[in-house]
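Enquirer: Sharing a structure with you now.
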Amino acid sequence: MADLEPPIDTEKLNEKILCYAQTIYRLNGVWEGPDPLTPIIPLFFVQISLAILITRLVMFALKITRQPPFVAEIISGILLGPSALGQIVKYRRQLFPNYNFHVIETMAHVALVFYGFLVGLQMDIKSVLRIGIKARNVAVIGIIIPFVMGTILFFSLYRDEDARGFIFYGGALTVTGFSVLAKILDKQKILQTDIGKMAMSSAVINDIGAWFILALGYVVTGSTTNIHWAVICTIAYALFCVFYLRRAIGWIIRKMPEVQGYSEFFVCSILAGMAISGVITDALGTHPIIGAFLFGLSVPNQMLQAAILDKLDDFVMGFLMPTFFVVCGLRTNFKAMGSIYEIVGYIILFVSAKILSTFAATFFSDMSIKEALAVGILSNTKSLMALIIIEAGQAQQILNTQLYSLMVTGILVMTVIVTPITMLYHPSQELAPHKRRTIQKAKVEEELRVLACIHAAHDIPSVINLLGSSNSTPAAPITVFALQVVELVGRASSMLEVHTSGKRGSRSLGHEEAQTRQIIAAFDNYELRSDGVMVQVLTARCALSTMDEDICNIAKDKRAAFIILPFHKQRSLAGEMEDVNPEIRAVNEGVLANAPCSVGILIDRGLSETSDYAKNIVVLYFGGPDDREALGYALRMVDRPDTRLTVVKFIPGEDATDIEPMEFAEESHVNVHIDKESENLLDEEFLNRFKISTANDKSVKYIELLLNDVEEAVKAIKLMDQHSYDLYIVGKGRGIVSPLTAGLVDWCDCPELGAIGDLLVTSEFDSTFSVLVMQQYVKPIGDGSVNSYGSMSERIGLGMDMDMDMQRADSEAGDVFSSFRRRPEHMPRV
């Protein structure tokens, strides 16, 4: 039997084996020993708490510099590593001992798996198909040239390392951080500029390319003999997720009972599916993060995505991800990077990679050198994906400490320099607004550019009703930008998407996609049945806090002269106005304060349910720029053969108390001074021109009411309900405090509508109608001179006699206003 015993392996006996004798936690606290941080769990909790604390302190310190949180997270990891605090021996041994590194590294990779899943949830692959050819060229060349340069730089530093490390080095340089760049551009108010949109569009493609490079790096470095099988199986699994798993999850969601939200069991089942997907890709030869990312892409329902993000986002990004930055910092050592001259030289080459790629893109696209330089600098913005790629190379023992530390430093520097450069960029020079910012100033034959905002499907009929009333013709065209405004969920980045008319998609539609399809169909139908109308449908995904800024930026970018905003209340079945989304009110107020053109808030009181467009229109005129804008818009509507326009001028009587107007200020801190005498002259000239232009038009009536107080004005307005007007157009009344409206201002439930607009919305009326509250764009003081009245020279003969016979309008007005005095004949006409 002794002959059957295996021989003793002497080489094994001479090997040194490091054994760990660790406890998970203490049973009797500090009474068992002097060091309470020896067990795994207490030490890990101290490490993660310290990482979160340092990150928050660095964020606070960098707040004045407007750097993105990603910069603070990298710096906090470096501070905790051997390049800073790690040089203190007692600190390193006590808080980050070598024997505990595998614990925090494991948690870091768990955090990466969850991060990959969240990125997959928020990524829209379909948006790549809608990116313009110029941005595609910039993105593709921005992947090829940086990858080649990264490869060259890797081999210039190459000593005895694995040659496969060029994949990670080149891949890190190709990354443009979409989410980080979006935050930088949004803070600098240049997200909607041509340069900003170009950089963002190319970043979307760069983001997707980075995931391919990461998967390729794991495949190539994970196996040496079966690389082909790993590649084939990974591609096959990705196709399975796209074509089968996504449909299966969609089918399960549709079969679920329609209840409020998703159950905890269902959300946990999705997370279990993510874990299994990670196991599959790990078995195929890549990494669990790839499987989690693919599974996130396979979740089709946006409501489910929102539910998962609400539960996971803060925990993953706020608690788990700091462990990854700690690991990156512990692997970084500035002392191993070489001399300062070498470091600076390589960082300059890192920065130049993206800039050279955008310069090369000018040969394939119509892009100037200045644009290429701006996009190249913005494209240097890095994100967590660049760190993940470079960390994967270090974890696979492909990159040494010098290569790794040099690239981490480069990623930090490239991201840091973007913010101060964007602060020097002035988008106002690029985003020159349309020469007509108001409707009153526009000539009849000029194109009217309108930005119509849509928050929900119930806004569509009233907006199209108003546009249909605007009387577009080939001689007086209207260009409509129908903007679907969608509130972002979680930490997704702002994005503007342009839709193609008649587009067909999957039968399985989420709520947002179904609403987008409905908007496209409705505006396509409006365009087909209207002459001189061109429509473009867009979707803006933005945070609620910046929604008003995004709307204003889009209006400026599209050179709009008029913004239509839906009201935050809707008429109920009982006839009362009820809140639909109170948060829209703050958005409307922000747009009114900062709009680059005139704005109209549209309130639907049932007209869209009974008519395709307004046929009986009335303008309530008290005076001032807003009322002139209201009448200017109404003038566009009178050329329809079946449309009637009534203009009611409210004149304070002799017994009315005169009130001096004051300087008024908007929320944007722009003060506009209203001069009473100047405004009266402008009103007089504008109304005289209006009377001349409509003197022979039987469809237009002009009425002047002489009233003494607020009660008479309110009674006159309520009596108008007997005429069954379809559309009331009123001015917001900024700066013009009439004795007929002064008492109403203090009782406004909705101050953004002005005194008369609020009265029409809150009062009870028997008829169904719409209300359009107009605010004219007025240049702020110090911004140059402004001409407050419009040019109607093509429609109005300036040399005509100003005297008009008003008896026709008075006789046709009916007996509704018989209880009020008309202007006496001896009074001068206003």
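Even glycines carry a Cβ here, placed using N, Cα and C.
Copying in the features that TrEMBL gives for the protein in this structure:
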{"type": "DOMAIN", "residues": "52-422", "note": "domain 'Cation/H+ exchanger transmembrane'"}
{"type": "DOMAIN", "residues": "479-610", "note": "domain 'Cation/H(+) antiporter central'"}
{"type": "DOMAIN", "residues": "617-778", "note": "domain 'Cation/H(+) antiporter C-terminal'"}
{"type": "TRANSMEM", "residues": "40-58", "note": "transmembrane segment"}
{"type": "TRANSMEM", "residues": "70-89", "note": "transmembrane segment"}
{"type": "TRANSMEM", "residues": "101-118", "note": "transmembrane segment"}
{"type": "TRANSMEM", "residues": "138-157", "note": "transmembrane segment"}
{"type": "TRANSMEM", "residues": "163-182", "note": "transmembrane segment"}
{"type": "TRANSMEM", "residues": "203-221", "note": "transmembrane segment"}
{"type": "TRANSMEM", "residues": "227-245", "note": "transmembrane segment"}
{"type": "TRANSMEM", "residues": "265-295", "note": "transmembrane segment"}
{"type": "TRANSMEM", "residues": "315-334", "note": "transmembrane segment"}
{"type": "TRANSMEM", "residues": "346-365", "note": "transmembrane segment"}
{"type": "TRANSMEM", "residues": "371-391", "note": "transmembrane segment"}
{"type": "TRANSMEM", "residues": "403-425", "note": "transmembrane segment"}
Enquirer: Does the transmembrane segment (40-58) come near the transmembrane segment (101-118), with 3+ Cβ pairs under 8 Å (pairs 6 or more apart)?
Expert: yes
Enquirer: May I have the DSSP-based helix, strand and coil counts for the residues of the domain 'Cation/H(+) antiporter central' (479-610)?
Expert: 47 helix, 43 strand, 42 coil
Enquirer: Please compute the mean pLDDT of the model over the domain 'Cation/H(+) antiporter central' (479-610).
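Expert: Computed over the domain 'Cation/H(+) antiporter central' (479-610), the mean pLDDT is 80 on the 0 to 100 scale.
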Enquirer: Are there residues at least 6 beyond the ends of the transmembrane segment (70-89) whose Cβ is under 8 Å from a Cβ of it, and what are they?
Expert: 50-51, 54-55, 57-59, 61-62, 96, 177, 180, 321-322, 325-335, 382-384, 387, 405, 408, 411-412, 415-416
Enquirer: Looking at 163-182, 227-245, 403-425, which one has the highest count of Cβ pairs under 8 angstroms to the transmembrane segment (371-391)?
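Expert: Ranking 163-182, 227-245, 403-425 by Cβ pairs under 8 Å to the transmembrane segment (371-391) puts 163-182 first.
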Enquirer: Is the number of Cβ-Cβ pairs under 8 Å between the transmembrane segment (138-157) and the transmembrane segment (346-365) three or more, considering only pairs separated by 6 or more positions?
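Expert: Contact between the transmembrane segment (346-365) and the transmembrane segment (138-157): present, because at least 3 Cβ pairs are under 8 Å.
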Enquirer: Please identify the stretch among 101-118, 227-245, 265-295, 315-334, 346-365 with the greatest number of Cβ pairs below 8 Å relative to the transmembrane segment (163-182).
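Expert: It is 346-365, which has the most Cβ pairs under 8 Å.
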Enquirer: Assess whether the transmembrane segment (403-425) lies in contact with the transmembrane segment (315-334), where contact requires at least three Cβ pairs under 8 Å among residues 6 or more apart in sequence.
Expert: yes
Enquirer: Do any residues, 6 or more residues outside the transmembrane segment (315-334), come within under 8 Å Cβ-to-Cβ of it, and if so which ones?
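Expert: Counting only partners 6 or more residues beyond its ends, the transmembrane segment (315-334) has Cβ contacts under 8 Å with 47-48, 51-52, 55, 73-74, 76-83, 86, 96, 101, 104-105, 107-112, 114-115, 118, 384, 387, 391, 394, 401, 404-405, 408-409, 491.
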Enquirer: Go through the chain and flag residues at least 6 beyond the ends of the transmembrane segment (346-365) whose CB is under 8 A from any CB in it; none is fine as an answer.
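Expert: Counting only partners 6 or more residues beyond its ends, the transmembrane segment (346-365) has Cβ contacts under 8 Å with 133-134, 137-138, 141-142, 144-146, 149-150, 153, 173, 176, 372-373, 375-377, 379-380, 406-407, 409-410, 413-414, 417.
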Enquirer: Counting only residues 6+ away from its ends, which parts of the chain sit with a Cβ under 8 Å from the transmembrane segment (227-245)?
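Expert: For the transmembrane segment (227-245), the sequence-distant neighbours (Cβ-Cβ under 8 Å, at least 6 residues beyond its ends) are 215-216, 219-220, 277, 280-281, 284-286, 290-291, 294-295, 297-298.
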